[in-house]
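Trainee: Have a look at this one before I ask anything.
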Amino acid sequence: MQNLPDVLASSATPKTLQDVLAVTTDTCIAISDALKQGSLAGILGMAGNENVQGEEQKKLDVISNDMLKDALISCPSVRAIASEEEDYIVPANTDGEYFIAFDPLDGSSNIDINAMVGTIFSIYRQTGDKPATEADFLIPGKEQVAAGYVLYGPSTMLVLTTGDGVNMFTYDPTKRVFTLTHEKVQVAKDTQEFAINMSNQRFWSANMQSYVNDLVKGKEGSRGKNFNMRWVAAMVGDVHRILCRGGIFIYPWDNKDPSKAGKLRLMYEANPMAMLLEQAGGKAHTHTQRILDIQPEAIHQRVAVILGAANEVDKCLSY
């Protein structure tokens, strides 16, 4: 079986990008080790401060962010990083080739109950002869050269695309390497599973409420078939399920908090997941445009997200 370095070396992936991916995934292995320690290492619970999103940080949010930041800014191929947990971008090496944006610990509210979490990352090639600025980082998702996530579940898995399909790697703790276990993953175009936080239904648009009501009505409704609902409360877990067995994930626009009409971050969550889904034959949209076509206006910009099985995304958009 091939491990991650072998797969990248046998592809058209540039050596400098291989280096960035190696640093990223090696750090995720260290994060996985830290997660396994849990209460034994005193790393659960709140850190006692908020991030730029106005969210209370968990101790492991801060720990995982610092681990990735320190490792990546030391990588000669990295020009700058942006993190969900950092107020501003962090310039690294002026002669580096790549920007990397990441959510160091997606689903961190799950940490204290020992449920699924993950690290999401997005990589762009962007060279220059001056220190990087936030304006340099505002690149549409269609320009990503790689995207992926590491899922910390019963096994630790890496899901990765470099623009030539989606591969899944399982971490082998005896060898401390990611080994290729699922190649060229494809998402079925039709589905009978959906993932959405139903507690927010009253805040959605009328069109979205109508769509979800039709799913819930099942065979007795206009869809003529039953649907199951799933919700992990971590985007990384819900998207992983869709890549493994199909479905649609929706975090729609809502009016619960007008300052955060979209919940998920474009740069750290929506763009990398959209690239993965499209590479696997799915679709990713906001309800007004393709996610990968969005011109970012700020590194912490939020958007609505509808992604998954191509035909079901189209059906949702038709409402």
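Using N, Cα and C of the backbone, Cβ positions are placed for all residues, glycine too.
Remember, predicted model here, so these are calculated numbers, not experimental data.
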Trainee: So Swiss-Prot lists D103, L105 for Mg(2+) 1; which of E84, E134, E143, E183 goes with them?
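Mentor: For the Mg(2+) 1 site that includes D103, L105, Swiss-Prot also lists E84.
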Trainee: Please pick, from K36, K260, K263, K283, the residue that Swiss-Prot records in the substrate site together with D106, G107, S108, S109, N197.
Mentor: K263
Trainee: Could you check which of the binding-site residues N197, K263, E269 is the closest Cα neighbour of L105 (Mg(2+) 1 binding site)?
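Mentor: That would be E269, the closest of N197, K263, E269 to L105 (Mg(2+) 1 binding site).
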Trainee: Pick the one among the binding-site residues D103, L105, D106, S108, N197 whose Cβ has the fewest other Cβ atoms within 10 Å in this structure.
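Mentor: Result for the binding-site residues D103, L105, D106, S108, N197: minimum number of other Cβ atoms within 10 Å at N197.
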Trainee: Do you see any of the binding-site residues S108, N197, E269 whose C-alpha is within 10 Å of E84 (Mg(2+) 1 binding site), and which ones?
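Mentor: Near E84 (Mg(2+) 1 binding site) by Cα: E269.
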Trainee: Quick check: of the binding-site residues listed here (S109, N197, K263, E269), which one has the Cα closest to that of D103 (Mg(2+) 1 binding site)?
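Mentor: Given the candidates S109, N197, K263, E269, the nearest one is E269.
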